[in-house]
Structures are given as C-alpha cells and as structure tokens.
Amino acid sequence: MQLPGSISPAQSISYAKIVAWLAAFIPLLRLFYLGFTDQLGANPVEFVERSTGTWALVFLLISLAITPIRNLSGQAWWIALRRLLGLWMFAYACLHVLAYVWLDYMFDWPDIVKDIVKHPYVLVGASALLLTIPLAATSNQRAIRQLKRRWKTLHQLVYLVAVLALLHFWWLVKKDVTEPAIYILCFVLLMALRWPHWFSKK
Amino acid sequence: QTTLAYQKTAYGKEETLTSLEDVTSYNNYYEFGTGKSDPAREASLFKPTPWAIKIEGAVKQAKTLSLEQLMKLAPLEERIYRMRCVEGWSMVIPWVGLPLKALIDWAQPTGNAKYVVFISANDPQTMPGARMPILDWPYVEGLRMDEAMQPLTLLAVGLYGKVLPNQNGAPVRLVVPWKYGFKGGKAITSIRFVEHMPQTTWMKAGPREYGFYANVNPQVDHPRWTQSSEKPIGGGLFGGRVKTRMFNGYDEVGQLYSGMDLKKYF
C-alpha cells in the first residue's frame, strides 16, 4: 500500500534491498570482529568453517523461502530480493571453501584431494559448491535474457544444491544431529509450501 | 582449584603446552552437551567429591576405593602427554596422576581378567547431556590388560598442577596417550575386570567408525576425518596442520600390537 507523499514501490524495493544487503553483511563483519579481538575460541579455524558454512546454508534456505513468501503474501516485490540472497549464499559458500583450503589445509592440495575423495561428506559439499558456480555466473540480467526458458531449468539446480548441502551437514556431525535436522526440517517445510502452487499451475 | 603435590617427570618435557584456557574450554564430554564449549559452561553443578570407585569383576575381592585412597596408591606424577582427538585436532596437556598399573596391582585381578572396563558417571541431575539419548549412557571404555598395564597409561586426577576441572573429567579420568582421546573415560565410577572384549560406547554408536583399539594411526583413515594430519589447538587461524604420527609418537607401545593387522583392529 502507498500513502500519499510516501515512497514509490520502486524506491521501497531499493530500500528493502539495501536493508537485506546490510543484514547479510553482519555475519561476516562479526567474524572479522571476533577474529581481531581473539574471540574465536580454542579452534578458530573450525569456528570460521562452521560459521561460514552455516550462513551459506541459511542464505540458501532464505532464498528458497522467497517464492513461498510471495505466494502466501501475494506481494510480488519479494522476488526482487532473491538474487541478492542467492549471491550472498554463494559468497558465504566461497568463504567456507576458502577457510577450508587456506586456514584448514594451508593449500596442501594433495591432502585436500585425498580429503575430498576419501570422505563422502567433503565430496558432497564440494559438489554442492561446484553446482552453485553456474547459478552465480548466470545471475545477471544478460544471462537471464540470453538463456530465456533454459535459465529457469538451470536454476532449478538450487534444489539439488540444497539437498547436497544438507547431506554435507548431516554426515559431518559425529552423533548429535539436532542442528542439521532443524535445517532439513526447514527445507522440507519450504518444499511443502511449494506443492499447492505447482499443482495449481498444472 | 586445589593445588596438588606431585613429582615432575621427563615425559613430554620438550613439548609446547596447550594453554590452560584452551585445555579447559574446548572439550568433548557429551554428558555435559555435544558442543565443545558446553562442558566448561554446564559442568559446574557436577560434584566430584566425595568420590568412590567400585573395583569389580574378575578380582580376588570386589571393593570400593575412595579418591583419597586412590591418590595414595602411588606418588602423583606430572606427565606431559600429547592428546590426539579422532576429529583431527590435538593438544599437549600436563596431567597429574598415577599409573593405572598401581591401581591394578592393588585390585588383584584374577587369571580371568583379560580386559579392563571403565564406566563413567551418569547423573542426569547434574549432567544435562546425560538426559539426552545421544549415546548409550553410561559412557563405557575399555583396554586390553597389557594396554592397561603399560607404564604410559595414566589415571589423571589433575592438570596444570591442580585438581582436574569438572569439564576435563574430574575427579579421575583415564589418559591413554597413544590412542584417540575418546578412549579416556572421564569421571570414572567403576573399573571392572572382564574376560571378553567389552563393547564400548562409541563402538555401539558407530561400529564402522570406532573400533575397540582406537590407536592413533595415520594410515587408517576415518570415514569422516583425515587421520594423516592434525591441527594443534592454540595455533590460531594460520597455524596449519602437522603430520600425525603412528601411535601418536609413542612408539614404545608398538610391541603390544605385533602381528596384529591394525587396519582390521582399528
């Protein structure tokens, strides 16, 4: 709704984007703050890996929440936030991998390759990241125009990325699976909210 | 925390100690929660004194040993040991304790005693993690008799010269430095001598991942974690990894396993 003299819809979308962008930046700023003030705990590398991985997953789920939110609220402008959120997911996923290859393995590539090949959870995580690269690369307007209908098909990869990322989390936990279970539940819920919409389209 | 009277020893003199802060704030002790910082936060209600340990099973006579009695079985020694966690990180900890052998000699096991079982405290009242069915409580660990008698095997009652903090397994815990950290049962309430190899808690939780022996072995990989290298705690963000050594560098224990296929008996 728009009150007389208030901002235009286009403006409110830009404001929403700015707010979302700044909010997405906070976890990264927090990591730097904790790092510089020596508050990352006894195993700071694990902390950074955990934190960036968790935030990548959170942004993935938030971007998957946009469509159900639009459908339920009937407000189309929510879609305008989706690319930004998806790209932040990609950014945190890249930081997660950077923490792994740099801080954890100090670019010891033979060891990294061994770790990926031998440990299913690492392999699954690495696959999830690889699949996000084409998504991030085709997130611009030009790619959307050029790929036309295929763009949508390509971007359905995000569901596979989500499944792989959740499996990565589930398998890495030693025994207490409460935390990954919560994320899996959120994902299932978000998928369930899509069902009625899919049916109504057909 | 109370200061202990103990003798210094040559064990691990050349090692760089992990800080007391890290040793007491980064713990795997699921009875107090599965997060690494949970034990330091949640263990304050736990009461490590008074304490008694039941000695049972294949012994001349079942009996109970108070903490005070235990600490008089042999002079307390400081031993600086490397600790390698199965998750791929490591610490160097100055333990204070006595060889497990001293207790075994006192317990007088019979000829049927082939293994020793260590049973940890399981008090849901003071241990919030023990209220959850994460592991099959109480925590059970075990050693073969010759491993238990090995001079390195320690019953620790302190670290950094003081009584063990609750989160590190007060009042008494097992330390087996050539094995992964989870072999070291904490807050031990009974020690049982048995004839057959016991099922330990982690063997039950993940038989493919955790074997009875759990010797540190860079050649036997874990389905989840790289075992060829480890991250020393205290190295900061850019400390990197170091290569993991066979038996965590305690080569003298190798003879205990001569002729055994350590890939099979992992």
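Every residue gets a Cβ built from N, Cα and C, even glycine.
Annotated domain 'Ferric oxidoreductase' per TrEMBL: A:52-165, in sequence order. The transmembrane segment annotation in TrEMBL covers A:12-33, A:53-72, A:84-103, A:119-137, A:157-174, A:180-199.
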When the domain 'Ferric oxidoreductase' (A:52-165) is classified with DSSP, how many of its residues are helical, how many are strand and how many are coil? 102 helix, 0 strand, 12 coil
Mind checking which residues reach the transmembrane segment (A:12-33)? Cβ under 8 Å, same chain, six or more beyond either end. 39, 48, 51-52, 55, 59, 77, 80-81, 84-85, 88, 92, 95
Do at least three CB pairs under 8 A connect the transmembrane segment (A:84-103) and the transmembrane segment (A:180-199), leaving out pairs fewer than 6 apart in sequence? no
Going along the chain, which residues at least six beyond the ends of the transmembrane segment (A:84-103) come within the CB cut-off of under 8 Å? 17, 20-21, 24, 27-28, 45, 48-49, 52-53, 55-56, 59-60, 62-63, 66, 112, 126, 128-129, 132, 135-136, 139, 158
Average pLDDT across the domain 'Ferric oxidoreductase' (A:52-165), rounded to a whole number: 95
Could you tell me what the rest of the chain brings near the transmembrane segment (A:119-137), counting residues at least six beyond its ends with Cβ under 8 Å? 86-87, 89-90, 93-94, 96-97, 143, 154-155, 157-158, 160-161, 164-165, 167-168, 171-172
